[in-house]
Amino acid sequence: MAILKICTYPDPVLRKETVAITVFDEKLVKLTEDMAETMYDAPGIGLAAPQIGESLKLVVVSTARREDSKQEYMVMANPEIVEKEESQVDEEGCLSVPELLAMVKRYRKIKVNYQDINGEPCSMTVEDRFAVVLQHEIDHLNGILFLDHLSSLKRNLYKKKVKKWFLPR
């Protein structure tokens with residue numbers, strides 16, 4: 001396994017359209033293992049393929065119950081939200097949007113159709129924090145960052161902060 005480079009805002013790969021996964025092979029297994037290792041090393045609780053420069057509809061999410069438990073994760077290929085209910089506001093951060101935590105409104109309960117690592121169709125209904133994590137990661141597959149859910153004022157303040165990071169000293 002390998003730790004991959006995480007692409008950060010404003011890298012254009014984060015805004016690219018992703019393509020569906022059609023081949024489920026050892027190469028995909030290796031990619032998901034590397035993504036999981038990268039996610040846990042960061043540390044994070046979810047990672048989408050665009051965040052490591054791959055324009056694929058692929059997500060890994062932590063299923064560990066506590067931070068100190070072993071590294072358990074699930075793979076979701078071609079995930080799609082097919083049902084959504086209610087809303088909630090929760091704090092989010094993103095490995096691709098460093099140094100920003102913000103309150104974001106999301107659905108409280110969602111149903112997601114996806115394929116597992118073997119290409120088998122699956123469906124799951126999730127609530128609360130896990131629903132937030134999945135919506136956040138699926139947004140990445142559509143070129144959407146959690147930054148896009150913020151007010152224009154907060155978004156512009158963050159963009160100015162990022163520009164300062166790249167100014168010559």
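Keep in mind that glycine also has a Cβ here, set from the backbone N, Cα and C atoms.
The active site annotation in Swiss-Prot covers Glu137. For Glu137 (active site), the number of other Cβ atoms no farther than 10 Å from its own Cβ, over all displayed protein chains, is 24.
Under the three-state DSSP scheme, His136 (Fe cation binding site) falls in the helix class. Sequence-distant neighbours of His136 (Fe cation binding site) (same chain, six or more apart, CB under 8 Å from its CB) are Gly46, Glu92, Cys94, Val104, Arg106, Phe146, listed in sequence order. Residues or ranges marked as Fe cation binding site by Swiss-Prot: Cys94, His136, His140.
Here the Cβ of His140 (Fe cation binding site) has 25 other Cβ atoms within 10 Å, regardless of which shown protein chain they belong to.
Take the CB of Cys94 (Fe cation binding site) and look out to 10 A: across all protein chains shown you find 24 other CB atoms.
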